[in-house]
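J.: I have a structure I would like to understand better, so I am pasting it below and will then ask my questions one at a time.
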């Protein structure tokens with residue numbers, strides 16, 4: 001379990017985790033919705049997977065079930081193919097970083113980091129060496145004799161990470177570990193987490209409600225809503241190809257255009273929206289005449305008369321009226337209204353060379369078919 | 001303006017004087033040289049302290065009280081700590097009921113408790129034995145331990161225990177290496193209160209100490225009724241000093257625990 005050195009380059013240092021139809025209901029008697037509802041996820045060895053969702057979406061409960069602090073009502077959790085549902089948390093050999101770190105206030109940094117080694121009966125000299133190595137890894141060498149209360153929030157966070165990885169677990173769980181820190185520090189530590197993940201090569205499961213954090217750090221993101229997985233995919237997948245309205249609205253900003261399907265051409269849907277023909281990408285094959293919602297990102301819309309727009313891509317066009325114009329430094333943000341009353345947000349990179357629009361002005365907007373998704 | 005500032009201070013001063021005056025009088029009288037209780041004393045001396053320390057009629061009950069109180073400390077601290085740990089793990093509705101039952105000796109009038117204990121113990125021939133005193137005082141002291149340990153338990157982040165488990169500590173190791181050190185100040189404060197509760201207790205002692213287990217408060221009560229001399233002032237003063245010292249220790253422990261808790265919760269900020 002405890003191997004010497006951190007650089008042993010064996011393949012699959014990380015555990016694979018499989019959640020199959022995982023369910024958790026706290027209140028069995030009532031017909032209340034399940035806290036975790038048939039969650040199935042395949043987390044690959046060495047992956048950085050983030051569970052992202054609003055509070056109450058079931059992400060922390062799912063994490064607690066993987067750690068062993070909650071028992072699933074139904075379904076299975078397998079680590080490296082072996083079910084761990086019946087295994088108590090202290091046998092699972094999983095590292096965990098808690099919200100607010102949960103450092104032991106009565107122990108020094110060294111004793112905190114050495115705690116898991118002590119439980120595993122690692123002899124003292126070996127323990128001291130591994131603790132020093134772990135503190136080195138989180139850039140806190142020489143802090144061993146201090147007590148947690150003598151450290152800043154960011155330092156405590158690093159100690160918590162050192163303590164969670166010192167016993168070389170193959171899986172590290174993190175429950176909003178950066179939530180209590182200020183923005184600047186959070187951004188630094190996000191990069192540090194990525195570096196740590198690359199250094200250790202173990203599997204990370206990370207829980208957060210902060211979409212920016214999830215997009216920056218993760219290999220894949222599982223977006224959770226109402227106890228269910230709304231979509232799993234790479235940050236690009238989720239941003240460019242949201243599969244449903246929740247994901248489109250939760251990650252980044254989205255415009256939603258009501259439309260009626262007129263036909264399908266290859267994997268492009270032809271729809272009618274406010275009298276204009278709009279083409280959108282769609283994996284499914286909606287029936288003609290079906291009422292649907294199309295989504296597109298504000299920064300991917302352009303005013304059609306802007307000189308530099310690319311002509312090679314098929315474009316969607318719509319006539320709108322400017323209802324609000326805000327200059328925000330690096331970009332201009334326009335609120336537009338289509339003929340049918342739909343509000344549309346358009347973000348344009350600011351440049352002295354681009355003419356700014358006035359409120360009340362009529363305009364044509366255009367955007368790529370590739371940036372239009374049917375949800 | 002000046003009156004507005006002086007008046008509240010004056011009122012507070014009067015209240016404090018009113019509270020402390022009897023204690024001060026007793027302390028002064030204990031150093032009296034007179035052979036009867038009189039205030040102010042004609043001259044000062046230590047003769048009544050000498051009288052106390054040389055009289056087995058006073059020393060024996062003192063030892064009984066100390067032994068009973070120490071046994072109560074051990075029993076009540078052990079039982080009270082276990083009870084507090086158990087209550088904290090109960091579902092919320094049951095927690096209220098269990099806490100209420102354990103605290104009932106504090107709520108029921110002392111005389112009622114004393115009568116109940118007297119009847120119960122006399123059936124088993126326990127009246128007049130030190131064991132009866134220990135058991136009865138333990139009932140009265142457990143609520144203090146439970147209250148104090150529960151307070152320190154509620155200040156502990158439940159994630160600390162989860163963290164220990166996730167790091168490979170068994171539930172037993174988690175208790176001894178994490179939970180117990182963290183609630184230790186609360187346990188010690190509870191133990192001090194258990195000692196004071198037993199050491200100062202009179203009502204139950206009047207009923208069940210009989211002739212075989214006369215405690216110090218009981219001896220003082222008898223003295224006041226039958227022979228009254230300034231020895232009782234000396235005994236009272238010593239009791240007050242001991243109790244005050246223990247209360248001071250409890251206060252310091254609480255302060256320390258508070259400081260630790262603030263240090264850990266500042267991590268959350």
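The backbone N, Cα and C atoms fix where each Cβ goes, and this holds for glycine too.
Please treat TrEMBL annotations as automatic predictions, because they have not gone through curation.
Predicted, not measured: the structure shown is a model, and the values here were computed from it.
Grabbed the feature section from TrEMBL, which reads as follows:
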- B:62-250: domain 'ABC transmembrane type-1' (DOMAIN)
- B:12-39: transmembrane segment (TRANSMEM)
- B:64-85: transmembrane segment (TRANSMEM)
- B:97-119: transmembrane segment (TRANSMEM)
- B:131-153: transmembrane segment (TRANSMEM)
- B:187-211: transmembrane segment (TRANSMEM)
- B:231-253: transmembrane segment (TRANSMEM)
J.: Who are the long-range neighbours of the transmembrane segment (B:231-253) in its own chain, taking Cβ under 8 Å and residues 6 or more past its ends?
T.: 23, 26-27, 29-30, 32, 37, 48-49, 51-52, 55, 58, 185, 188-189, 192-193, 195-196, 199-200, 216, 220, 223-224
J.: Determine which residues of the chain contact the transmembrane segment (B:187-211) at the Cβ level, with the cut-off under 8 Å and only residues 6 or more beyond its ends counted.
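T.: Counting only partners 6 or more residues beyond its ends, the transmembrane segment (B:187-211) has Cβ contacts under 8 Å with 65-66, 68-70, 72-73, 76-77, 80-81, 110-111, 113-115, 117-118, 121, 126-129, 132-133, 136-137, 140-142, 144-149, 152, 180, 217-218, 221, 239, 242-243, 246-247, 249-250, 253-254, 257.
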J.: Against which stretches of its own chain does the transmembrane segment (B:64-85) lie, if we need a Cβ under 8 Å and a gap of at least six residues from its ends?
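T.: Hits for the transmembrane segment (B:64-85): 98, 102, 130, 133-134, 137-138, 141-146, 149-150, 153, 179, 183, 187, 190-191, 194-195, 197-199, 213-217.
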